[in-house]
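Student: Below, the features straight out of Swiss-Prot:
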type: TOPO_DOM; residues: 1-25; note: topological domain 'Extracellular'
type: CARBOHYD; residues: ASN5; note: N-linked glycosylation site
type: TRANSMEM; residues: 26-49; note: transmembrane segment
type: TOPO_DOM; residues: 50-57; note: topological domain 'Cytoplasmic'
type: TRANSMEM; residues: 58-79; note: transmembrane segment
type: TOPO_DOM; residues: 80-100; note: topological domain 'Extracellular'
type: DISULFID; residues: CYS97-CYS189; note: disulfide bond
type: TRANSMEM; residues: 101-120; note: transmembrane segment
type: TOPO_DOM; residues: 121-139; note: topological domain 'Cytoplasmic'
type: TRANSMEM; residues: 140-158; note: transmembrane segment
type: TOPO_DOM; residues: 159-195; note: topological domain 'Extracellular'
type: TRANSMEM; residues: 196-219; note: transmembrane segment
type: TOPO_DOM; residues: 220-236; note: topological domain 'Cytoplasmic'
type: TRANSMEM; residues: 237-259; note: transmembrane segment
type: TOPO_DOM; residues: 260-272; note: topological domain 'Extracellular'
type: TRANSMEM; residues: 273-292; note: transmembrane segment
type: TOPO_DOM; residues: 293-328; note: topological domain 'Cytoplasmic'
Amino acid sequence: MGHQNHTFSSDFILLGLFSSSPTSVVFFLVLFVIFIMSVTENTLMILLIRSDSRLHTPMYFLLSHLSLMDILHVSNIVPKMVTNFLSGSRTISFAGCGFQVFLSLTLLGGECLLLAAMSCDRYVAICHPLRYPILMKEYASALMAGGSWLIGVFNSTVHTAYALQFPFCGSRAIDHFFCEVPAMLKLSCADTTRYERGVCVSAVIFLLIPFSLISASYGQIILTVLQMKSSEARKKSFSTCSFHMIVVTMYYGPFIFTYMRPKSYHTPGQDKFLAIFYTILTPTLNPFIYSFRNKDVLAVMKNMLKSNFLHKKMNRKIPECVFCLFLC
């Protein structure tokens, strides 16, 4: 019992990405700017979708949930990195580490399923446009988004509970910038082989199957696009599909490489580098790739900026008019 209490009460140490060198300071500032950009972009995306009825479609409904996941994802990791870097302390409590594991697995799993749902939405919209209003009704998109969250939470709860029950009786130093399961398993003095097999099974369900579904959907979309008579429409569709596949590959590729390798094949440098892609870079790129290049989103953004500008202008003129009335 004493050993078990020691396991649950001791803090972990996050070795992180940064040292005290000038290069690390620059790298830290770059990542912090990326974090601010990610939160700002995704928050703006949610506000735009919620505020204008033109964006109340299944595609943008799913995109709003993707933006919410991305905000939570970067906010789960980067603030702790910033705090540790500025304070010089690298500790994280057992409960804090458990929460990071739970939230990151929830969001990573949920986003994998949500990206697959979004590819299905695009497949139906482009390949079966006449059936789109029937197949993609409001409840269908709500079911896709809700299912992604719920399945992500369930998977995360199981893995978090299982991973944290291992005894950590050696070093408490996690050679990573956040509490990630593969990095934590290296600290366990118990045999984690069976659990690693479970991680591989989950990786097949949450990574390989959705990625295969996305690839198949975009493959069918490309075949449909090739049959279009308009060269401009073909060019636009190919451009959109290629950007989407780049982001999907940037997200799934490092994620698959991290979670489908045995513990013995993991190196701290590789794991940290790969994790930057699916925890920080992809959430920043998603709004640009999926939304800000879209004419509808740009039109709504322009209208919002115009209305805010006119509102400020009117607020300035009202006091002037009142003053003139008093003078008269």
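Yeah, the Cβs are placed from backbone N, Cα and C, and that goes for glycine too.
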Student: Taking the Cβ of CYS97 (disulfide bond) as the centre, count every other Cβ atom within 10 Å, in any protein chain shown.
Tutor: 23
Student: Provide the three-state secondary structure of CYS97 (disulfide bond) computed with DSSP.
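Tutor: The three-state answer is helix.
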Student: At a threshold of under 8 Å on Cβ distances, which of 101-120, 140-158, 196-219, 273-292 pairs most often with the transmembrane segment (237-259)?
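Tutor: Ranking 101-120, 140-158, 196-219, 273-292 by Cβ pairs under 8 Å to the transmembrane segment (237-259) puts 273-292 first.
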Student: Give the nonlocal contacts of the topological domain 'Cytoplasmic' (50-57) in its own chain as ranges (CB under 8 Å, at least six residues past its ends).
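Tutor: 64, 296-297, 299-300, 303-304.
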Student: What same-chain residues lie close to the transmembrane segment (196-219): Cβ under 8 Å, and 6 or more beyond its ends?
Tutor: 108-109, 112-113, 115-116, 119-120, 122-123, 155, 159, 162, 181-182, 185, 241, 244-245, 248, 252, 255-256, 259-260, 262-263
Student: Mind checking which residues of the chain, 6+ beyond the ends of the transmembrane segment (101-120), have their Cβ under 8 Å from one of its Cβ atoms?
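Tutor: Residues 59, 62-63, 65-66, 69-70, 72-73, 76-77, 144-145, 147-149, 151-153, 155-157, 159-160, 163-164, 178-181, 184, 202, 206-207, 209-211, 213-214, 217-218, 244, 248, 251-252, 255, 278-279, 290.
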Student: For the topological domain 'Cytoplasmic' (50-57), what does DSSP give as the number of helix, strand and coil residues?
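Tutor: The composition, in the requested order, is 5 helix, 0 strand, 3 coil.
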Student: So if I exclude everything within five residues of the ends of the topological domain 'Cytoplasmic' (121-139), which remaining residues of that chain have a CB under 8 angstroms from its CBs? That is, six or more out.
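Tutor: Cβ under 8 Å, 6 or more out: 58-59, 62, 217-218, 220-221, 224-225, 237, 244.
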